[in-house]
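According to Swiss-Prot:
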type: BINDING; residues: 25, 26, 27, 45, 79, 93, 100; note: S-adenosyl-L-methionine binding site
């Protein structure tokens, strides 16, 4: 969806843009390739490992890029610290990066056997192993039900997790989830049976939903009139927060009445993009 992001978000080719989820720097590089040499991009990410990759990737564009290790929930402090009052656009690309899924010992993937971590910020204290081994069955059921959107089997999965403690690796967790499901669900073709529980734990570890809404509320102070905000979500919980936040704020106007979805060609090249939704709004002013 890079082309769609650029065409909707870039209104000033000499402007200042903020990538709140810099990752490996792909969107930043695309933005700078679409703008003039006076443009600047501020890239923020809580994961220092991916920022190191971004720094190397963008070294030839270093005059136009500032990379900051921070959570996007601190975007107001980041921009004030840089002396930036107004920007021309914000971008958020939510979810787990390919590097995080494939990286060693990050614990995001149920296809590998790794320590059960799932922290986007490896310096934060609470990891997935702590949650799995210390939360009550009811609290586990709640987060699997709410954050994993696992409506039918949250109770049986949480019961199995508690029964099979201690659980310290991704494959130990996968085994516990398997034991809490009927065989028909374990062999379901379209989605791995551990997907929803892993999503729930990742959201809980990183406080993702709380941080999204908190961050969106901070954009307004820094947006020029007619500036744009583009947000890519990957599941309905994220999308609902984004849609409702802007829908209920009269100072924003949707430029995408319905979310933009990936093309079949994009899904073919990047299967993870199949669930992506892009929403873009314009700031109308206070």
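Backbone N, Cα and C atoms are what each Cβ position is placed from, and that goes for glycine too.
Positions of Swiss-Prot features highlighted on the structure.
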{"residue": "25", "record": "S-adenosyl-L-methionine binding site", "DSSP (3 states)": "coil"}
{"residue": "45", "record": "S-adenosyl-L-methionine binding site", "DSSP (3 states)": "strand"}
{"residue": "79", "record": "S-adenosyl-L-methionine binding site", "DSSP (3 states)": "helix"}
{"residue": "93", "record": "S-adenosyl-L-methionine binding site", "DSSP (3 states)": "strand"}
{"residue": "100", "record": "S-adenosyl-L-methionine binding site", "DSSP (3 states)": "helix"}
Looking only at 25, 26, the binding-site residues on record, which one has the least crowded Cβ, with the fewest other Cβ atoms within 10 Å?
26
What same-chain residues, at least 6 away in sequence, bring their CB to under 8 Å of the CB of residue 45 (S-adenosyl-L-methionine binding site)?
21, 22, 23, 51, 54, 67, 69, 70
Based on the record's binding annotation for S-adenosyl-L-methionine (25, 26, 27, 45, 79, 93, 100), what whole-number value in Å is the widest Cα to Cα distance?
26
So among the binding-site residues 27, 79, 93, 100, who's got the most Cβ atoms within 10 Å?
27
